[in-house]
Amino acid sequence: MRASGVEVTLGGRKVVDGVDLHADPGEVVALVGPNGAGKSTLLAALAGDLPTPGRIEIAGRELRSYKKADLARERAVLPQRSALSFPFTAGEVVRMGRAPWAGRPEAAEDDEAVAEAMRRTEVTGFAARPFQALSGGEQARVALARVLAQRTPLLLLDEPTAALDLRHQELVLMVARERAGAGAAVVVVLHDLGLAAAYADRVSVLAAGRVRAEGRPAEVFTEELLTEVYQHDVEVLPHPRTGTPLVVPRRP
Amino acid sequence: MQLTTPPSVSPKSARPSRIPAHLRGPARIGLLGGLTVTLIAVSLLAAGRGQVPISPAEVAGSLLHRLGLDLGPLPSAAQGENALWLVRFPRVTLAVVVGASLGCAGALMQGVFGNPLAEPGVVGVSSGAAVGAAASIVSGITVFGIWTTAAAAFAGGILTTMMVYAMSRANGRTEVVTLVLTGVAVNATAGALLGLLMFLTDDDGVRAIAFWQLGSLAQATWGAVAVAAPCAAVGLAVAAFSARRLDLLALGEAPARHLGVDTERLRVTAIVATALLTASAVAFTGIISFVGLVVPHLIRMVAGPGHRVLIPASALGGAVVVVLGDLIARTAIDYQELPLGVLTAVVGGPAFFWLLRRTRSKAGGWG
């Protein structure tokens with residue numbers, strides 16, 4: 001996935017302003033930044049939901065030239081919130097992720113893809129329960145399972161860890177890493193800078209719709225930059241054992 | 001909205017590979033088969049009841065003889081053949097067509113609106129179609145011959161559907177309260193237009209429009225069936241063809257698009273299909289409300305929300321309900337006929353109350 005000059009104007013305001021971003025197969029790229037920086041809007045533009053004058057290429061082809069059905073076999077999108085209008089079970093929701101492959105040879109993998117996605121996100125036990133009866137965190141993992149079951153080479157995840165406890169946050173990012181290890185490109189919006197530092201190959205720091213810095217977490221996450229971007233004093237310490245940057249707000 | 005609570009499955013006790021969409025498959029096919037058999041049985045029974053009683057076996061015999069099969073007894077009653085072929089069969093056939101259209105239109109509309117309370121009668125599409133048809137009756141325009149009323153009902157239906165859709169949606173969802181209030185407004189407007197048309201027309205026109213508002217199958221003829229059936233068939237085919245995509249639409253507009261659904265096109269085709277189905281249901285029988293609300297709801301409770309079963313099952317279930325309802329309407333009181341629309345409203349109204357309360361408590365308020 002390669003994007004250049006992505007611009008999105010919402011309500012007369014430039015929410016995303018000339019952003020360049022790329023994610024290669026095997027890579028996890030984290031989008032971080034303060035609230036209102038344009039992370040989710042950028043992700044929506046990359047998903048093809050919002051028109052942009054910039055150029056976005058997926059698998060070497062211009063985003064606009066895709067038919068919706070073809071695009072659904074190239075990229076999967078995890079929305080920030082999942083809603084459901086009718087009482088489908090969790091298993092049925094995950095199976096919806098296989099819809100783009102209906103009538104193709106890959107449809108033979110349906111059962112296996114659904115079972116694997118549910119195992120990896122630890123939701124197999126909920127399969128027969130109505131999605132709406134699950135807790136927020138359980139719903140979030142079922143939604144992720146649906147996206148994984150789609151088995152696309154590009155994953156766009158909008159705050160997949162927001163509703164999750166510590167263990168499941170780690171689980172979700174481990175799954176993202178695993179998919180990258182299997183050759184997928186993953187773009188993930190994160191709020192937790194510690195998670196981004198630990199799991200992303202590259203991070204892109206967004207502020208006011210522009211990329212402020214981009215690169216390996218260890219290079220990008222500096223006290224000066226983060227303090228300025230978040231408008232709050234921030235300390236960055238290397239983890240005593242692994243050396244991964246730990247980002248903590250400076251507290252009295 | 002959650003309708004069924006399955007026996008509580010704790011995460012540990014559930015079998016790991018259990019994926020309900022597949023296991024419940026045969027049972028769902030069984031439901032469709034059962035509904036088909038019920039529909040045939042109810043139709044044979046309904047065709048036999050009336051001033052000239054004819055046994056179901058004789059009804060079946062008469063049908064088979066016309067099909068060129070020398071099986072079963074012929075009606076023994078005087079005028080039995082005529083009563084069947086001139087009066088009862090067109091009426092029962094039209095009841096099947098109307099019921100299937102209403103059941104299917106309800107399921108389709110609920111899928112597109114993402115709201116289990118959407119229904120042609122509730123949101124005012126039936127009234128809109130009735131205004132179209134009444135306008136064609138009053139104006140005496142017959143440009144399309146026997147098809148004129150149906151065409152006018154279709155035009156009224158499609159206009160109202162688009163209006164309701166445009167007015168009741170916000171951020172890709174339709175909230176219950178907005179939808180129901182939009183329906184109130186549309187029904188009020190349509191009622192006023194019908195009243196105006198009644199004022200403008202002569203006694204015959206008034207009678208025709210009043211008949212419309214009450215809803216009845218009394219004017220069923222083979223000609224009516226010949227017009228209503230093709231409309232219904234096209235609508236049913238489109239609905240069945242859209243079933244899989246309607247499932248995905250339950251996730252919301254953007255997620256459905258991410259799964260490859262052309263949501264714009266789905267919406268337009270579904271609206272046209274709903275209007276076609278409503279027109280076929282309304283064109284010769286007037287407003288029969290709540291069938292499209294209650295039937296899909298019951299099917300969802302039994303078979304789950306998957307549209308591939310819900311749509312055909314709602315069509316079959318709707319047909320069963322309308323054939324039965326019409327049988328009761330014309331046989332409950334001797335030499336008198338209850339208006340069918342009144343009968344369905346008597347049962348459907350309270351059911352609507354109940355659904356409304358349920359939806360409200362489930363969504364934790366008016367969501």
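The backbone N, Cα and C atoms fix where each Cβ goes, glycine too.
Taken from TrEMBL as is:
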type: COMPBIAS; residues: B:1-11; note: compositional bias 'Polar residues'
type: REGION; residues: B:1-20; note: region 'Disordered'
type: TRANSMEM; residues: B:27-47; note: transmembrane segment
type: TRANSMEM; residues: B:92-113; note: transmembrane segment
type: TRANSMEM; residues: B:133-164; note: transmembrane segment
type: TRANSMEM; residues: B:176-200; note: transmembrane segment
type: TRANSMEM; residues: B:220-241; note: transmembrane segment
type: TRANSMEM; residues: B:275-299; note: transmembrane segment
type: TRANSMEM; residues: B:311-329; note: transmembrane segment
type: TRANSMEM; residues: B:338-356; note: transmembrane segment
*Looking at the stretches B:27-47, B:176-200, B:275-299, B:311-329, B:338-356, which one shares the most CB pairs under 8 Å with the transmembrane segment (B:220-241)?*
B:275-299
*What stretch, picked from B:27-47, B:133-164, B:338-356, has the most CB pairs under 8 A with the transmembrane segment (B:311-329)?*
B:27-47
_With pairs fewer than 6 apart in sequence excluded, do the transmembrane segment (B:338-356) and the transmembrane segment (B:92-113) have three or more C-beta pairs that lie under 8 Å?_
no
*Contacting positions for the transmembrane segment (B:176-200) when only residues 6+ beyond its ends and CB under 8 Å are counted*: 113, 115, 117-118, 122-125, 127-128, 130-131, 134-135, 138, 160, 163-164, 167-168, 170, 206, 209-210, 212-213, 356, 359-360, 363, 366-367
*What same-chain residues lie close to the transmembrane segment (B:275-299): Cβ under 8 Å, and 6 or more beyond its ends?*
3, 31, 94, 97-99, 101-110, 116-117, 119-122, 125-127, 129-130, 133, 149-151, 153-154, 156-158, 161, 211-217, 219-220, 224, 227-229, 231-232, 234-236, 238-239, 309-310, 313-314, 317-318, 321-322, 325, 340-341, 344-345, 347-349, 351-352, 355
_Tertiary contacts of the transmembrane segment (B:27-47) (same chain, 6+ residues out, Cβ under 8 Å)_ = 54, 56, 59-60, 84, 88-89, 92, 95-96, 299, 302-304, 306, 309, 312-313, 316-317, 319-320, 323-324, 326-327
